Amino acid sequence: MIVGLLHRLSEKLPRVVHRISVMMKPQVVFVLGGPGAGKGTQCARIVENYSYTHLSAGDLLREERSRKGSEFGQLIDSYIKEGKIVPVEITINLLKKAMEETMKVDEKKFRFLIDGFPRNQDNLQGWNTVMDGKADVKFVLFFDCGNEVCIDRCLERGKSSGRTDDNRESLEKRIQTYLQSTRPIIEQYEKQGKVRTIDASRSVDEVFADVKNILDKEG
C-alpha cells in the first residue's frame, strides 16, 4: 500500500513541479507603437489598475547608458542619438535581468508589460532564441497613432523630458526606423492573431478605456 502510494506520488510530482514552473514563467505583453504614441503613459495606468510590472526597453537602455562604469554606455549613447536600434544582445540581457530581479523580490509579480520591444526582426529572433521556453508572450498591445501627432507630442514632451532624442531631426529618423523595422513585426504578430490594436490619437482617458476593455477580456 505504501509502495503504491509512493509510486502514485512520484508520478504526480513531475506534473506538480511542471505546473509550478509554468506558473512562475513570466507572462509578457509586448507594447508597441511609434514614438509619442503614449506607450509609457498607458503602461503607467495599467500598472496602477492591474498586476503588471512595466519594463521599458528604452528606459532600461537609458539607465544603462548613464550607469557609472557601464561597458555599454557609450555604445548605447551613439545608437540612441542616431535614432538607431541598439544591438539585441544588450536589450534582451537588460530585460531578462529586470524580470528575474522583479520575480526574485516578489514571485507573484510574473506579469510584464514590455514597452518598445521587439523593434525589428533581429530583436524578435534574439528574443525567440534567448527566451524560448522561459517566457510566454500573451499578445501585442499596439498603440496606433499618426506620425504628425506623434512628432507634436514628442516635441512637447522634449520641453521638459531632458531626452536628447526628443527633437525633430531625431524624431523623423525614429519614425522612419519604426515604419521600416517595427511595423513588419506587428504585421507578423497580426497573422498569428496576437495583436490588439488601439487608436492612440485620442485623449489619454479614451485610449485607456479601450486598454481596460482588452485587459478585462484577456484576463
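For all residues, glycine too, the Cβ spot is worked out from N, Cα and C.
Annotation comment: TrEMBL describes GLY36, ALA37, GLY38, LYS39, GLY40, THR41, ARG157, ARG202 as ATP binding site. Around THR41 (ATP binding site), the C-beta neighbours below 8 angstroms that are at least 6 residues distant in the chain are VAL204.
Long-range contacts of the region 'NMPbind' (56-86) within its own chain (CB-CB distance under 8 A, at least 6 residues past either end) are made by residues 39-40, 43, 94-95, 98, 114-117, 119-120, 122-123, 163-165, 170-171, 173-174, 176-177, 181. The region 'NMPbind' feature in TrEMBL is assigned to 56-86.
Residues or ranges marked as ribonucleoside 5'-phosphate binding site in TrEMBL: ARG62, LYS84, ILE85, VAL86, GLY116, PHE117, PRO118, ARG119, ARG163, ARG174. Close to ARG62 (ribonucleoside 5'-phosphate binding site) in the fold, though at least 6 residues off in sequence, lie ILE76, ILE80, ARG163, each with a CB less than 8 Å from its CB.
For ASN123 (CMP binding site), the same-chain residues lying six or more positions away in sequence with a CB closer than 8 A to its CB are ILE85, VAL88, THR91, ILE92, PHE117, ILE185. The CMP binding site annotation in TrEMBL covers ASN123.
Summarising the annotation, TrEMBL assigns region 'LID' to 156-166. DSSP places the residues of the region 'LID' (156-166) in helix, strand and coil in these numbers: 6 helix, 0 strand, 5 coil.
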Practice task
Determine the minimum-neighbour residue: among GLY36, GLY38, GLY40, listed as binding-site residues, which Cβ has the fewest other Cβ atoms within 10 angstroms?
Solution key: GLY40
Fill in the blank from the handout: GLY40 (ATP binding site) and PRO118 (ribonucleoside 5'-phosphate binding site), compared by Cα position, are separated in whole Å by 15
Completion exercise
Whole-number Å distance separating the Cα atoms of GLY116 (ribonucleoside 5'-phosphate binding site) and GLY36 (ATP binding site) is 11
